[in-house]
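In TrEMBL this protein carries:
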COMPBIAS  14-38  compositional bias 'Basic and acidic residues'
DOMAIN    84-119  domain 'EF-hand'
DOMAIN    120-155  domain 'EF-hand'
REGION    1-69  region 'Disordered'
REGION    203-232  region 'Disordered'
């Protein structure tokens, strides 16, 4: 009996190999094949959707946009201020940027106003930020911080404005005539001198100052060595 069954199987296999009969798959094999085909189709569909989305983003069709990489240069954008004034503003900004994230948030502004002797209410602080918050992120970037002094210099801040108080108490002179007369001063300044020449003159002045300080250090070191040699 076993021999007949084995002979039948061998005959069946030979017929399949010669192409006379198609192999008959089990139900389980059919189901597995169907699942594999469905999974492959799903993966292809997902990959196709991702590639299409990537193409849309590259073409600028999709909603996601890359952030602007525009470089902010305070010396060229805020030409009404000298390099020294901008450096003083930057020093003040960094002093109160306690988290060192290049922003002054609500709590850091609160501390600043307290240090300046003009504490503000929570609502007052929010209004101060809102007045110059161009990107509506609820905090001050260095550029927005400079806008405070630009508005103060142009007389665009009211006397009771928290930003006016900040500019007045910051000990940063935005003009030789003071905040109220700054607009006239700057207009006369623009007419009197060429901005690019002034910029170059300030750079030369900084370089000369650094050379002078370096020369003084060398002289002090030489004097110290000479004094030290007399005790040997």
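A Cβ is built for glycine as well, from the same backbone N, Cα and C atoms used for every other residue.
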What parts of the chain pack near the domain 'EF-hand' (120-155), using Cβ distances under 8 Å and only residues at least 6 beyond its ends?
72, 74, 77-78, 80-81, 85-86, 89-90, 93, 102-106, 109-110, 113, 161-164, 166-168, 170, 172, 174-175, 179-180, 182-183, 186
Surrounding residues of the region 'Disordered' (203-232) on its own chain - C-beta under 8 Å, 6+ positions past either end
83
Summarise the region 'Disordered' (203-232) as counts of helix, strand and coil residues per DSSP.
27 helix, 0 strand, 3 coil
Where does the mean pLDDT land for the domain 'EF-hand' (120-155)?
95
